[in-house]
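Trainee: First the structure, then my questions, so here it is.
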Amino acid sequence: AKACTPLLHDCSHDRHSCCRGDMFKYVCDCFYPEGEDKTEVCSCQQPKSHKIAEKIIDKAKTTL
C-alpha cells in the first residue's frame, strides 16, 4: 500500500493521499500565499466540521 500524507504535510503531489484522522480522512487544502505568484501550497488539513464532530463524540464517550 502507498504511504499516506500526514496531517499538515505537503500534499500538492497527490491531492487524494491524505491520511485518516481518528474518525475522518484529512483533506488536501490548497491556497496561494500572499505575495507569491501562482505558487500553490497544499497541505493535509482536518476540516473544522470534523474537529467539532470528534469533540462531540469524545464528550458523548466520557459521559456514558
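A Cβ is built for glycine as well, from the same backbone N, Cα and C atoms used for every other residue.
From Swiss-Prot, for reference:
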| type | residues | note |
| --- | --- | --- |
| REGION | 1-44 | region 'Knottin domain' |
| DISULFID | Cys4-Cys19 | disulfide bond |
| DISULFID | Cys11-Cys28 | disulfide bond |
| DISULFID | Cys18-Cys44 | disulfide bond |
| DISULFID | Cys30-Cys42 | disulfide bond |
| REGION | 45-64 | region 'Linear cationic cytotoxin domain' |
| MOD_RES | Leu64 | leucine amide |
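So where do these features actually land, and what's packed around them?
Mentor: With DSSP states grouped into helix (H, G, I), strand (E, B) and coil, the region 'Knottin domain' (1-44) comes out at 0 helix, 14 strand, 30 coil.
Around Cys19 (disulfide bond), the same-chain residues six or more apart in sequence whose CB sits under 8 Å from its CB are Cys4, Thr5, Pro6, Leu7, Lys25, Tyr26, Cys44, listed in sequence order.
Annotation for Cys28 (disulfide bond): same-chain Cβ neighbours under 8 Å, separated by at least 6 residues, are Thr5, Cys11, Ser12, Arg15, His16, Ser17, Cys18, Cys42, Ser43, Cys44, Gln45.
Counting every protein chain shown, 12 other Cβ atoms lie within 10 Å of the Cβ of Cys30 (disulfide bond).
Across the range of the region 'Linear cationic cytotoxin domain' (45-64), the DSSP-based residue counts are 16 helix, 1 strand, 3 coil.
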Trainee: What parts of the chain pack near the region 'Linear cationic cytotoxin domain' (45-64), using Cβ distances under 8 Å and only residues at least 6 beyond its ends?
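Mentor: Distant contacts of the region 'Linear cationic cytotoxin domain' (45-64): 7-8, 21-24, 26-29.
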Trainee: By Cβ distance under 8 Å, which residues at least 6 away from the ends of the region 'Knottin domain' (1-44) in the same chain are close to it?
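Mentor: Same-chain residues near the region 'Knottin domain' (1-44) but 6 or more away: 50, 53-54, 57.
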Trainee: Can you give the mean pLDDT for the region 'Knottin domain' (1-44), rounded to a whole number?
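Mentor: So the average pLDDT across the region 'Knottin domain' (1-44) works out to 89.
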Trainee: Quick one: give me the count of other CB atoms within 10 A of the CB of Cys18 (disulfide bond).
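Mentor: Other Cβ atoms within 10 Å of Cys18 (disulfide bond): 23.
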Trainee: Mind telling me which of the disulfide-bonded residues Cys4, Cys42, Cys44 has the densest Cβ neighbourhood, counting other Cβ atoms within 10 Å?
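Mentor: Selected residue: Cys44.
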